[in-house]
Amino acid sequence: MEGDCLSCMKYLMFLFNFFIFLGGACLLGVGIWVIVDPTGFREIVAANPLLFTGAYIMLAMGAMLFLLGFLGCCGAIRENKCLLLFFFMFILLIFLAELSAAILAFIFRENLTREFFTKELKKHYVRNNDTHVFSSTWNSVMITFACCGVNGPEDFEAVPPLSHLPLEETTPEACCQRKLQSREGMFVNRKACLEGDERFQNRQGCYTVILNSFETYVYLAGALAIGVLAIELFAMIFAMCLFRGIQ
């Protein structure tokens, strides 16, 4: 009976570690996607080290979980006490680090608010300057999502280098409607747009558009993080039980 329980525990631990392996692969994939993202969203928040570093933390955690899941599977199948103990200590450290990161993310969640992005836009944006990384990235986002600023064209009234100009002269070209949403796309009516004709401007703010586009993925990432933490907790319990059961 004891042998059957040990065998069952061994395969359960293998299963949990296989899920850790998959979770690590997912985090690794998301981290790589954020870093190499062709639309350059990372440049928008590059001024905030906490947000910019988050992708690299996710990448590192994904790589460690990927390796850890593989080692856990090997330790369970081979019934190696040394490998199981190493696995338990390592996954405990990762579990505590991830829990700390989740708490910090909750505490600093205001850094992703509408007000934060509006402040950063007004502080760093230079109109129609594609040699300026921050501005070029914002232009790409506005063209791709057919939106303007964080809240709308009025955001550009307070852009420092242009604050002395009327609203219609402060609206960037990137806010003008195009027949095709790309930099190569022809303007519907560029002149009327820059003169302030709202019919040819993208009036909706990018914050709402992007939030609606990525809302599903945000919830998915949160669910994935909770799932990974739960699996790690169960894996630690099974690892210690298996460690004590091996003669």
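Glycine residues also receive a Cβ, built from the backbone N, Cα and C atoms like all the rest.
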Check: CYS82 and GLY245 same membrane side, Swiss-Prot record: yes
Surrounding residues of the topological domain 'Cytoplasmic' (1-15) on its own chain - C-beta under 8 Å, 6+ positions past either end: 72-73, 76-77, 79, 235, 238-239, 241-242, 245-246
Secondary structure composition of the topological domain 'Cytoplasmic' (1-15) [DSSP: H/G/I, E/B, coil]: 14 helix, 0 strand, 1 coil
Predicted model, mean pLDDT over the topological domain 'Extracellular' (104-222): 78
